[in-house]
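Take a look at the structure set out below.
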Amino acid sequence: MTTVGVSLFRRSPEKITMKIATFLGLSFLLIASYVLICEAQHPGFQELLILEENMRDPENSKERSCAKPRENCNRMNILCCRGECVCPTFGDCFCYGD
């Protein structure tokens with residue numbers, strides 16, 4: 001009985017490292033899948049918030065449904081109130097300029 005108990009604790013460091021790496025990799029994949037599923041279920045959520053905010057903003061009373069500087073643009077036909085829509089290589093497009 002003691003040999004069985006002792007052998008359980010005599011695992012090689014390589015096996016332990018592989019198990020930890022596998023656990024971390026699977027955890028990352030699980031979190032990434034949750035993020036992708038959430039984005040797929042709520043597409044354009046941020047753009048809708050911009051439109052709703054602009055509808056209540058007296059500064060944009062003439063130019064409704066437009067994005068202010070540093071807000072996302074060019075998705076779902078959202079144009080910039082002032083300035084131009086800049087799209088970096090990675091990430092979302094945003095309004096630049098005053």
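Backbone N, Cα and C define each Cβ position, glycine as well.
For Cys81, the disulfide partner named by Swiss-Prot among Cys38, Cys66 is Cys66.
Among Cys93, Cys95, the one Swiss-Prot lists as the disulfide partner of Cys80 is Cys95. Swiss-Prot lists a disulfide bond between Cys85 and one candidate from Cys38, Cys73; that candidate is Cys73. For the recorded site, Cys80 (disulfide bond), the DSSP three-state label reads strand. Classification of Cys73 (disulfide bond) by DSSP places it in coil, neither helical nor stranded. When secondary structure is read from DSSP and collapsed to three states, Cys85 (disulfide bond) falls in the strand class.
Taking each of the disulfide-bonded residues Cys66, Cys73, Cys80, Cys85, Cys95 in turn and counting other Cβ atoms within 10 Å of its Cβ gives the largest count for Cys73. Put simply, Cys81 (disulfide bond) is 10 Å from Cys73 (disulfide bond) when counted between their Cα atoms.
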